[in-house]
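Below is one structure, written out as structure tokens; comments come after it.
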Amino acid sequence: LSSLKKFDEIKKANQAAAKKLVEDQLSSSSEDDDEDAEVKQGKILDKTFTIYTSQTDGDASELERTRQYMNEAFQSGAMTCLICIASVKRNQAVWSCCGCFCIFHLVCIQKWAKDSLFLVSSPLTDDDFGKKDYPWPCPKCRFEYKRSETPNKYYCYCGKVENPTVDPWLVPHSCGQICEREFKPSCGHKCLLLCHPGPCPPCPKMVTTTCHCKKAKAVPRRCSAKEWSCRLPCGRTLLCGQHACENPCHAGDCQPCPRVSKQRCICGRQTAERLCASPQWQCDQVCGKCLPCGNHTCEQVCHAGPCGDCPRSGKRSCPCGKTKFTLPCTEDVPTCGDSCDKVLECGIHKCSQRCHRGPCEICRQEVEKQCRCGKHTKRMPCHKPYLCETKCTKTRDCQKHQCRRKCCSGNCPPCDQVCGRTLGCRNHKCPSGCHRGSCNPCPETVDVKCNCGKTAIKVPCGRERTIRPPKCKQLCSRPPTCHHATQEKHYCHFGRCPPCRQPCQKTLMCGHLCPVSCHDEALVKQTGLHQSAGPWEQPSEPAFIQTALPCPPCEVPIPVECLGQHEVSPLPCHSAHPYSCKRFCGRLLDCQNHTCMKECHHVTKLNSSADGKKAGPECSQCEEECTKPRPAGCPHRCVLPCHPGDCPSCLQMLKIKCHCKLSVLYIECLKLTCADLKEKELLISCKNQCPKELPCGHRCKEICHSGSCPLNCSQKVKLRCLCKRLKK
């Protein structure tokens, strides 16, 4: 049982690890930017745009902005949650702002909304709490959402599907259905793309519409560009009522009339050239007309209509306003002699002077005044403010700093210090006033560029340290570090350029060009630089240095003849010199019978016209005996060493038995070998009677001869007849 339990635990752990590995592979931050991924991404984009491009006859120029959002959804690290400054993965729940289309983690935006609502409602009293639906803002664009709009579920971009499944053949966080969101501004049509991030593209539908001035005939146009101008003069009457608008057909109200005309001012005294759009104007002269009283003149600046009655006519009040007098306009109103009793600036006491002209004096009564914070009192003139030196110890609304204002009334002003806390990006500090809660995300964006700077992507500030630079399709423009004038074509990159693979092409000492790959920057392992202190010291990694290696020996095949001129073989140029082919020399020696048996060697030609097959002084000397064939029958060897030409005549004596084998004859070898058969027969004969016995029993009568004896015996013998009676 214990072994089964342990097996189940290990099985569950392995399954959890495998599930996590699959999720990591499906995340957008771990996708590889290889060619296969780019092909796959292109297919997904084409599938998303298919319905839209079918309405526009293949024109996708209006989809660039949407394409950018979708590329960021695929690109590793491009989609970043501005709240936690972390990558947004495929398998994470997200929320998209409808104002800026920025994507956040669902958990992060829920916490953001909760904190924002708490900070807004915390200064409220218990009576006010809950009476107003305070909004919360988007962290990026500050677009305000109601409390009821706080996201609590994970939806796809178009909002149709809750918790969309992770599909590697769809845009991350997309449901794959047609978007069908209303276009903005609303035109009555709906988006035709598949569920996608970012704003919907302009409406591609065709509608029939006329121009702004309604003069041209209605034509079919794209719904997103249905407002158009016929470029004819507008012709509408301007506000001046005299001229018509001469601008080309345009949207909205016509501009003010641009013509200039001579116009009188309101009072009619001056004439000036002014724009037709503003016919009424005032000059800077005082009216000066005599008023009905006949004593005063109108002091108004250029005006229309009658000047009105004299302002000094009728009943007028004394300065304090208690007594009214009816006097001619030429006389000033006298003071009444009563106390002024106007309320002074302090708002408490009244002026004690008699009715007077001009402003009242300051309040000089001594009163018991309380300071603004209410902690101290003091007798002093009423007009002087009383502020004590006690500093307020209350905490301001930031809940961090004290008020520290002298004699504070209790309504402490907002904290005037800058927050200054380091934002999540770790690059900037919060510029807002000191506040409670989390700081707003850093609004800055950073361009992550390739090495040459021609390709860049915008990422939220703080992500530039973790995101991979974009792939640049521009060729590397660095100067070559080897001896070549130009380097091999390769794309822009960081770090060192790849090793040069071009042929070296340096001129070698032999005159040929070096054909191997460039070796100006070869990595060479350094050995023996560091000596270990003892056996306890760990061996260090071998160090490599970059150095220029010399060109290798020239390997161009050169036809070279061997020393003995037996063969011509192609040898590498660096070793192209006469060589021994290891064969026998084979040159004909002076004896004209044998060849040189030395290994292939150099032969000096004594004569330029000499035969190339003739032995030279370096060849071996023939020490053999003469082995030429002797004349037939000569058993002797040539008395000379191996020599050219014919052998000399053999003068030795041959010891030969005669035909009958009884006598020994001494004959010159030359005579015997040169004789024909008859002469040889005579030379070998001893000239005596043949001792051989014939079949008949008699001795051969012939002289010593070769071969069998002839059967011609002529010697007479006695014979008897058959009956033995007669004898002859």
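The backbone N, Cα and C atoms fix where each Cβ goes, glycine too.
Features as listed in TrEMBL:
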DOMAIN    187-205  domain 'NF-X1-type'
DOMAIN    240-259  domain 'NF-X1-type'
DOMAIN    293-312  domain 'NF-X1-type'
DOMAIN    346-365  domain 'NF-X1-type'
DOMAIN    373-394  domain 'NF-X1-type'
DOMAIN    398-417  domain 'NF-X1-type'
DOMAIN    425-444  domain 'NF-X1-type'
DOMAIN    482-502  domain 'NF-X1-type'
DOMAIN    591-624  domain 'NF-X1-type'
DOMAIN    634-652  domain 'NF-X1-type'
DOMAIN    696-715  domain 'NF-X1-type'
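For the domain 'NF-X1-type' (482-502), the list of distant contacts is 450-452, 454-455, 469, 471-476, 517-518, 520-521: same-chain residues at least six beyond its ends, Cβ to Cβ under 8 Å.
Mean model confidence for the domain 'NF-X1-type' (634-652) is a pLDDT of 84. Long-range contacts of the domain 'NF-X1-type' (373-394) within the same chain: residues 344-346, 348-349, 362-367, 402-410, 412, each at least 6 residues beyond the stretch ends and with a Cβ under 8 Å from a Cβ of the stretch. Using DSSP to sort the residues of the domain 'NF-X1-type' (240-259) gives these counts of helix, strand and coil: 0 helix, 2 strand, 18 coil.
Helix, strand and coil content of the domain 'NF-X1-type' (634-652), in residues and according to DSSP, is 0 helix, 1 strand, 18 coil.
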